[in-house]
Amino acid sequence: MEVTCLLLLALIPFHCRGQGVYAPAQAQIVHAGQACVVKEDNISERVYTIREGDTLMLQCLVTGHPRPQVRWTKTAGSASDKFQETSVFNETLRIERIARTQGGRYYCKAENGVGVPAIKSIRVDVQYLDEPMLTVHQTVSDVRGNFYQEKTVFLRCTVNSNPPARFIWKRGSDTLSHSQDNGVDIYEPLYTQGETKVLKLKNLRPQDYASYTCQVSVRNVCGIPDKAITFRLTNTTAPPALKLSVNETLVVNPGENVTVQCLLTGGDPLPQLQWSHGPGPLPLGALAQGGTLSIPSVQARDSGYYNCTATNNVGNPAKKTVNLLVRSMKNATFQITPDVIKESENIQLGQDLKLSCHVDAVPQEKVTYQWFKNGKPARMSKRLLVTRNDPELPAVTSSLELIDLHFSDYGTYLCMASFPGAPVPDLSVEVNISSETVPPTISVPKGRAVVTVREGSPAELQCEVRGKPRPPVLWSRVDKEAALMPSGLPLEETPDGKLRLERVSRDMSGTYRCQTARYNGFNVRPREAQVQLNVQFPPEVEPSSQDVRQALGRPVLLRCSLLRGSPRIASAVWRFKGQLLPPPPIVPAAAEAPDHAELRLDAVTRDSSGSYECSVSNDVGSAVCLFQVSAKAYSPEFYFDTPNPTRSHKLSKNYSYVLQWTQREPDAVDPVLNYRLSVRQLNQHNAVVKAIPVRRVEKGQLLEYILTDLRVPHSYEVRLTPYTTFGAGDMASRIIHYTEPINSPNLSDNTCHFEDEKICGYTQDLTDNFDWTRQNALTQNPKRSPNTGPPTDISGTPEGYYMFIETSRPRELGDRARLVSPLYNASAKFYCVSFFYHMYGKHIGSLNLLVRSRNKGALDTHAWSLSGNKGNVWQQAHVPISPSGPFQIIFEGVRGSGYLGDIAIDDVTLKKGECPRKQMDPNKGILLCGLDSEDLHPGLLPANLCAHSENTNQTLPLWKPLCNGRDGQM
């Protein structure tokens with residue numbers, strides 16, 4: 001199949017390839033960030049090493065058709081760890097200022113619905129070196145029956161690092177080792193956190209009193225410098241010691257100002273003091289200065305443990321703790337306990353009765369209780385006893401026991417809790433004991449056993465408590481195991497038995513239990529009841545939106561399914577373009593409990609194409625299934641795996657692009673008749689529009705069109721729309737970027753214009769002093785040095801890019817920048833390297849071209865060199881090379897004596913064959929092999945490039961100083 005189409009000034013054949021090109025996803029992970037090294041370890045696992053704080057950038061390069069979707073996930077370090085919940089859906093994963101905790105295994109998953117997904121992984125190893133910590137410990141032991149004491153000092157150096165650090169111990173400036181000093185021992189202790197090395201000074205000697213340095217190193221991996229810490233050991237070195245100005249337990253009244261002093265009693269070097277509070281931070285307004293802690297107007301919430309810690313890295317830190325108790329009382333409760341021995345739940349004359357009283361207090365043990373009866377202090381007797389700390393009740397609870405209850409014992413009892421002598425208000429609770437004091441009962445009011453409300457509305461669940469006194473009501477969930485109440489608590493207390501819920505949701509539906517509390521009432525088995533809460537919510541349907549395609553004249557069945565809803569649906573109505581449709585016939589089997597609604601179209605036509613809406617309603621609300629029915633074609637699927645789609649044309653600064661695509665589901669609708677192609681340069685408004693006729697398109701068939709006369713280095717938006725008998729289908733668009741071709745040299749030009757960020761596969765040499773920079777007239781630094789460097793690239797357009805070296809600070813004389821080409825396989829004996837150079841400025845250094853041979857290791861040889869100011873103009877050089885095997889070319893820029901020395905290159909071409917010969921002076925018969933005279937550099941001219949006379953075949957006297965006496969044989 002072949003048709004022709006005019007696009008952008010050229011007649012280009014349009015090709016249709018019959019084979020299917022749908023292919024499963026394939027993936028490869030490459031790095032593009034600040035990696036220190038990417039290597040393969042012993043089990044063929046890719047490891048990406050990066051310094052903490054640098055930028056991690058991983059790219060997942062994918063192939064496959066349709067274009068695969070990429071998802072990044074991570075595990076912490078081993079395959080058994082769970083994936084992180086967060087994912088990145090992008091082909092590039094970028095993490096700024098990476099932290100050590102972000103190391104681990106990263107997975108790239110690419111899938112396109114064809115075959116199985118492609119999964120690749122790489123392990124990211126984050127390198128770091130923390131500041132080391134040095135602590136000193138000493139032991140004193142008796143030797144030889146107490147004749148003398150031996151003192152041993154241990155200097156412990158600990159650091160966290162990756163990779164493991166190397167330790168170097170120094171006394172003064174001298175490095176210590178076992179072999180040089182018998183009085184020291186260096187070892188690694190067991191069971192330590194982090195990496196640790198211990199320097200042991202055995203039987204301390206006078207010369208051991210000195211400055212000791214622990215130097216840690218990761219051997220400059222990722223450029224991480226060594227770190228060190230120094231400690232001065234003297235005969236007065238001692239661990240810290242502390243004492244407090246107050247007792248370890250300090251009880252104060254609310255509102256008082258509290259001051260606690262932590263006093264140093266020893267320690268050399270001088271210890272540092274620090275105050276902390278547990279739990280939580282220091283109170284708002286608290287002031288810690290040195291060893292003094294001040295808390296103004298202390299409140300009950302300020303109670304807790306306050307820790308004073310002294311550290312000087314000698315021995316263990318010294319720590320003193322103050323338990324600050326601010327007097328307070330709250331939550332006064334009571335209990336009525338009938339005769340336990342007789343297992344009674346009622347108050348009966350002749351049986352025992354116990355009244356209990358409790359408050360939550362600080363300090364709890366300092367609370368005192370006093371009982372009153374009918375307003376007078378209760379008198380103790382054989383039948384009236386007061387006990388404290390009943391083992392069956394909370395700690396520090398007061399109980400009044402009435403033995404053999406008499407009628408005269410009826411009355412009102414009051415329990416008063418207080419802090420004697422403290423300005424804390426008393427708390428009291430009152431209990432009435434009479435024949436009317438009865439245990440509680442609980443029930444649900446009539447008509448309130450089931451509560452039905454709409455989602456988002458408030459709800460009130462109610463249980464009625466009878467009895468005297470009436471205890472609080474505790475609410476909990478019944479039908480959901482371990483479910484919490486809407487408040488987030490397992491139990492919720494209500495004083496009046498009413499549970500009020502704001503803005504109920506459907507997950508609050510269920511059974512709730514209400515039960516009586518065993519405090520502020522009878523201490524008996526709880527009474528309970530249950531309330532059912534039903535939350536009504538609108539229906540949920542699927543599909544919420546569906547695109548239905550069908551060829552003209554074919555039938556279509558639309559179905560809207562109910563997923564859930566409370567109550568069940570009451571109606572389902574269909575609309576077409578907003579107009580109500582007659583109800584479809586009801587299927588008898590589904591009439592009672594329908595779970596879907598259907599609409600059948602006998603044939604798709606232009607008139608019946610459009611938006612269909614199925615509205616499913618209940619008493620609460622409605623939900624909609626939306627169907628877009630049409631016979632228009634699906635969008636094309638651009639093919640992104642075209643090999644070398646860009647073709648550049650050096651002379652015209654134009655390029656062509658091979659555009660390929662397939663048609664998505666071509667058999668779903670009528671056949672595609674033609675495509676409408678629109679091409680627009682980015683940032684421009686005008687577009688070129690053409691029609692591309694086609695014959696019948698099969699699924700998986702690769703279609704191709706060549707776009708021509710595209711301007712380097714501009715990008716273009718391409719829009720492609722299929723047309724059928726129905727009309728226009730879905731449009732697909734993509735952006736075409738100019739990319740430099742990266743090929744092995746061949747007989748056709750292989751020119752790199754540096755217009756693409758990939759710079760034709762060239763890379764910066766890692767062994768040089770600085771890098772080449774890619775820029776154009778629009779991206780130049782406006783503050784760049786004047787009188788050096790080119791204003792534009794060789795084309796003279798401001799958009800054109802070139803490579804250059806910036807020689808301003810911090811560059812120095814002799815600094816080198818190397819730009820290395822891809823590796824080429826030598827398939828010819830001779831090649832010619834052509835390029836344009838710009839060397840303008842009074843401080844110009846040198847521009848060298850080197851050839852790196854790869855047949856026997858990496859060997860760099862000079863092929864060409866030029867130095868000095870050559871004017872504010874682009875000039876071209878042709879350099880012949882004859883590599884003996886796989887090779888690379890290297891452009892080396894060398895900084896001159898000052899900052900006015902910027903050098904630039906552009907349009908590098910590598911061709912098979914010899915360079916063009918140029919007659920420099922026909923009258924004298926001088927021939928320079930591929931080089932202009934200004935391209936020569938004394939001392940570096942190869943033997944086969946010396947000037948010759950064609951008449952005498954002798955080196956001319958003019959070039960003798962350059963040829964260095966060589967015989968000049970061509």
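Cβ atoms are placed via backbone N, Cα and C, with glycine included.
Remember, predicted model here, so these are calculated numbers, not experimental data.
Annotated features, as they stand in TrEMBL:
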SIGNAL    1-18  signal peptide
DOMAIN    24-123  domain 'Ig-like'
DOMAIN    132-230  domain 'Ig-like'
DOMAIN    240-323  domain 'Ig-like'
DOMAIN    338-432  domain 'Ig-like'
DOMAIN    440-532  domain 'Ig-like'
DOMAIN    539-630  domain 'Ig-like'
DOMAIN    642-742  domain 'Fibronectin type-III'
COMPBIAS  778-787  compositional bias 'Polar residues'
Spatial neighbours of the compositional bias 'Polar residues' (778-787) far in sequence, C-beta under 8 Å, 6+ residues away: 798-799, 806, 808, 840-842, 899-900, 902
Top Cβ-contact partner of the domain 'Ig-like' (440-532) among 132-230, 240-323, 338-432, 539-630, 642-742 (pairs under 8 Å): 338-432
Integer mean pLDDT for the domain 'Ig-like' (440-532): 92
Secondary structure tally of the domain 'Ig-like' (539-630) (DSSP, helix then strand then coil): 3 helix, 51 strand, 38 coil
DSSP-assigned states of the domain 'Ig-like' (132-230) in counts, ordered helix, strand, coil: 6 helix, 55 strand, 38 coil
DSSP-derived helix, strand and coil totals, residue by residue, for the compositional bias 'Polar residues' (778-787): 0 helix, 0 strand, 10 coil
Residue distribution over DSSP helix, strand and coil in the domain 'Fibronectin type-III' (642-742): 3 helix, 55 strand, 43 coil
Secondary structure tally of the domain 'Ig-like' (440-532) (DSSP, helix then strand then coil): 3 helix, 44 strand, 46 coil
